[in-house]
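Read the structure below first, then the notes.
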Amino acid sequence: MIGRMTGAAARGLIVALLIAIPALLVPGVASDTSQITALAAMLAGFLTFVEYNSNFPSIVEFRDAPPFNRLRVVALACTVLMLSLIIKGQTDPSLLTNGLTSLGTIIGNAIDFPYSPVRLVVLMLPADSDPGLISIVRTAAGISYLVSLVAMAAFLVLVRILGWPARQGAFNVWVNLPLFDPTAGGDVLERLQRDARVNIALGFLLPFLIPAVVKAAADLVEPITLQNPQTLIWTLSAWAFLPASMIMRGIAMGRVAEMIEEKRRRTYASADAENGYQAA
């Protein structure tokens, strides 16, 4: 029990620090923004502690199938940290911030071609935006997209080469998929496969759809302004992280479906063999 509580407290602290990173690194943060960030960090940390300290799952999927959630948290933390350092480098440059800015600029320019996700993010800005803002948005989008691609590639290697999650032992669907109801109707295998395909498809489309929806909604509501550093960091982090997270979830659910199908095949083969022996 103490071990579980310690692990839950550590996870809650990590989540709280993740949310507080921009407010801690970016200079010139208003006091009201700092207070809101502190409140959000404490709330997220508390919810994470409660979730991981409980015996029964509630909303966090693949809780007992590491390193799925660890990989997602590391990817999000790297994105937020890199973007915060890039923004900080605009007023307080250093060797690290200059290196990250150069890397993001190279990647952003490389994938800033017509109809690419980065180009759509840039086009999401108002037509009269400052060239400096356009450049920093392109740089931040490039570095965010790179981190998301690396995270997805790492998880794909984890699943296809290292055999996740079977290498962890028995996989409990109820604990690791608390939002999935096996008794809701229909074949469990088909539902898992369908959910996997839907998540992968949505994850692929979201980097294109989010800027398009924001641009279309700009005529109806006040558009999102990326001139605020906090808004820029969290908007582009969400733009890159949410699609990557959905694709990883789709891959994970597809892998669970494969494990169930393989288990069924072995069970049916064993039953057929027993029936054959009895007939003989």
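Note: Cβ is positioned from N, Cα and C throughout, glycine not excepted.
Per TrEMBL, transmembrane segment is recorded for 12-30 (among others).
What TrEMBL records for 36-52 (among others) is transmembrane segment.
According to TrEMBL, the feature transmembrane segment maps to 73-91 (among others).
Under the heading transmembrane segment, TrEMBL lists 133-159 (among others).
Here TrEMBL flags 198-218 (among others) as transmembrane segment. Here the transmembrane segment (198-218) has long-range neighbours at 115, 117, 120-121, 123-124, 126, 145, 224, 239-240, 242-251, 253-254, meaning same-chain residues at least 6 beyond its ends whose C-beta is under 8 angstroms from one of its own.
Annotation source TrEMBL lists transmembrane segment at 238-257 (among others).
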For the transmembrane segment (73-91), the distant same-chain contacts (Cβ-Cβ under 8 Å, at least six residues beyond its ends) come to 14-15, 18, 21-22, 25-28, 97-98, 100-101, 104, 136, 139-140, 143-144, 147-148, 150-151, 229, 232-234, 236-237, 240-241, 244
